[in-house]
Amino acid sequence: MVRTAVLILLLVRFSEPAEHCNAQMNSGPWRIKNLSIAPPKETLQKDVEIEIVETNMDENVIIGYKGYYQAYAYNGGSLDPNTRIEETMETLNVAKEDLLMWSIRRQCEVGEELIDQWGSDSDNCFRNKDGRGVWVFGKELVKRQNNNHFARHTCNRSWRCGVSTAKMYTRLECDNDNDECKVTILDINGASINVTENTVLHRDGVSMVLKQKSTFSRRPEKVACLLIKDDKSDPRSVTREHCLVDNDIFDLSKNTWLCKFNRCIKRKSENVVKQRPPTWRHDVSAKHDEGASATKGDLMHIQEELMYENDLLRMNLELMHAHINKLNNMLHNLIVSVAKVDERLIGNLMNNSVSSTFLSDDTFLLMPCTHPPPHTSNCYNNSIYKEGRWVANTDSSQCIDFNNYKELAIDDDIEFWIPTIGNTTYHENWKDASGWSFIAQQKSNLISTMENTKFGGHTTSLSDITDMAKGELNAKLWSFMLGHAFSFMLTVGVIIFLFCMVRNRSRAY
C-alpha cells in the first residue's frame with residue numbers, strides 16, 4: 001500500500017510541467033502605469049494671413065553744393081588803421097530747379113573767378129554773389145589773399161560747387177491706428193530726415209532732394225507661424241508667435257506693425273499675448289539699436305549662445321537615443337513573448353517565410369516554410385487562410401475576392417516643422433550710404449583748400465612759393481637789383497678814377 005502511494009506521487013511529480021505557476025499566491029489587481037504625455041508648448045499654424053508693405057532699400061537723392069571764398073582788402077600803409085583784409089566764406093542754398101538742372105547736365109553753375117581785382121574793379125566783390133554764368137563739372141575754390149596795391153582796394157573771389165546722384169537708405173514706417181505708411185530717408189546716424197521730391201533739405205553744407213517720389217507696395221500673404229505658450233493652464237495665451245516670411249523669421253505676437261528697415265508686416269492675432277517672463281535668452285525681447293556697429297564682444301556673446309544651444313541639443317539627442325534603445329529592448333521582449341504563440345511572427349518581421357520553435361525562454365530555432373505567391377483571394381489551391389493560418393479547404397463558398405479593398409485610417413500622420421535658420425537680411429551701416437560719402441568728401445576737400453593760402457594775383461607763382469605778398473616781393477626784388485646796380489656802378493667808378501690818376505701821374509714824369 002505504501003509502495004503504491006509512493007509510485008503515484010512519483011508519477012504526479014514527473015508529469016508536472018517544467019514551470020509551475022501557483023494561482024493561490026496571486027497579488028493585485030494590478031494595472032500598467034502609463035507615462036504622462038505633456039502636450040508641446042509649440043503649435044504650428046498654417047495659412048496665417050498677414051499683410052506685407054515693402055519699399056526699396058535705398059533711394060536716389062540729388063545732392064549739390066555751391067559756395068565761395070572772398071577776400072576784400074585795402075592797403076593804406078602800415079600807419080593807416082584801415083589797412084586790413086575782410087574774409088568771407090559763404091555756402092549758398094541750391095534751389096530745387098537748379099538741382100534738377102544740374103543733375104540733367106551733370107554740371108554745376110558758379111560765378112566768375114575774381115583774381116587780383118583792384119581799384120575800381122574791386123567793386124566786383126559786391127556783385128553776382130548768387131553765382132551764375134559759368135558751368136563746370138565740379139570745382140573746388142582757391143583761397144587767395146593779396147593786398148599789394150597801395151591806397152587801393154583789392155578783391156579776390158573763388159567758387160566751389162559739385163553735384164551727385166547718390167543712394168541713401170530708407171525706412172518704412174506704418175501707423176498702427178490707420179495702417180497708413182510712409183517712407184523716410186535716413187541720415188548718417190540712422191535718424192529720419194525731411195527730404196522729399198518736393199522739398200529741398202539744406203544741411204551739412206549741401207542741398208538735397210529726392211529724384212523721384214518714394215513708393216511702396218502692399219500684398220497679402222499666407223505664411224506658417226509657430227505659436228509658443230509658456231502658460232500651459234491658459235490655452236489661448238501666447239508668449240511668442242514666430243512666422244516664416246520669405247525665409248526670414250519675424251515675431252508677430254502683437255497686433256501691431258513690425259517694421260524692419262524697408263519692410264513692415266502685420267497680422268491680426270487671435271490669441272491673448274501675455275507679458276513675456278523676465279528671464280534671459282529667448283523669452284526676453286531682443287535689445288538692439290538699428291544701424292549701430294557690433295563689437296567683438298557682441299559676436300563672442302552670440303558664439304557663446306550658439307555653443308550653449310548646440311550642447312543642449314546634443315544632450316537632448318543623447319537622452320532621446322537612450323530612451324529609444326530602451327523602447328527597442330522592450331519591443332524585443334514583447335516580440336519574443338508573442339512569438340511563442342504566433343510562430344510566424346519573427347519571420348514576418350524579417351520579411352522571410354520561416355517558423356520559430358522555442359527551446360528556452362529566449363532561444364529558438366527557425367525552420368523554412370513555403371509561402372504562396374501574391375494573391376487577391378483568401379483561397380489558394382485547396383487551402384484557405386483562416387485565423388492566421390493556411391488550412392485545408394473543401395468549401396469554395398468561403399472564398400472571398402479582396403482585389404478592391406479599402407484603406408481604413410486608424411491614426412493620423414504627424415507633420416513636423418523642420419527647424420531652419422532664418423535667412424536674416426543684414427543692413428549696412430547708415431554712414432556707408434554713397435550719399436553721405438559724397439558729402440564727407442566735399443567737406444574734406446574744402447578743409448584741404450582752406451589750409452593753402454595764395455597771396456598773389458595774376459602770374460604770381462613765385463610769390464606763392466616764397467609765401468610773400470606781391471608788393472612785398474616786388475619791393476625786395478627792386479631793392480636787391482638797385483642795391484647791386486649801385487654797388488656795381490660805384491665799383492666801376494672807383495676803378496676808372498684810379499686808372500685815370502695813375503695815367504696822369506705817368507705823363508707828368
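Just so you know, the numbers here start at 1 and follow the chain as drawn.
Glycine too: its Cβ is placed from the backbone N, Cα and C atoms.
So that you can see what the record holds, here are the features copied from Swiss-Prot:
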- ASN34: N-linked glycosylation site (CARBOHYD)
- ASN156: N-linked glycosylation site (CARBOHYD)
- ASN194: N-linked glycosylation site (CARBOHYD)
- ASN351: N-linked glycosylation site (CARBOHYD)
- ASN381: N-linked glycosylation site (CARBOHYD)
- ASN423: N-linked glycosylation site (CARBOHYD)
- ASN504: N-linked glycosylation site (CARBOHYD)
- SER479: O-palmitoyl serine (LIPID)
- 1-17: signal peptide (SIGNAL)
- 480-502: transmembrane segment (TRANSMEM)
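There are 9 other CB atoms within 10 A of the CB of ASN381 (N-linked glycosylation site), with all protein chains counted. Counting in whole angstrom, ASN504 (N-linked glycosylation site) lies 171 from ASN381 (N-linked glycosylation site) by their C-alpha atoms.
Taking the Cα atom of each, ASN194 (N-linked glycosylation site) and ASN381 (N-linked glycosylation site) are about 92 angstrom apart. When the alpha carbons of ASN351 (N-linked glycosylation site) and ASN156 (N-linked glycosylation site) are compared, the span between them is 103 angstrom.
Here ASN156 (N-linked glycosylation site) is positioned 121 angstrom away from ASN381 (N-linked glycosylation site), judged by their C-alpha atoms. Cβ neighbour count for ASN194 (N-linked glycosylation site): 9 (other Cβ atoms within 10 Å of its Cβ, all protein chains included).
Shown are the glycosylation sites ASN156, ASN351, ASN504; of these, the residue with the fewest other Cβ atoms within 10 Å is ASN351.
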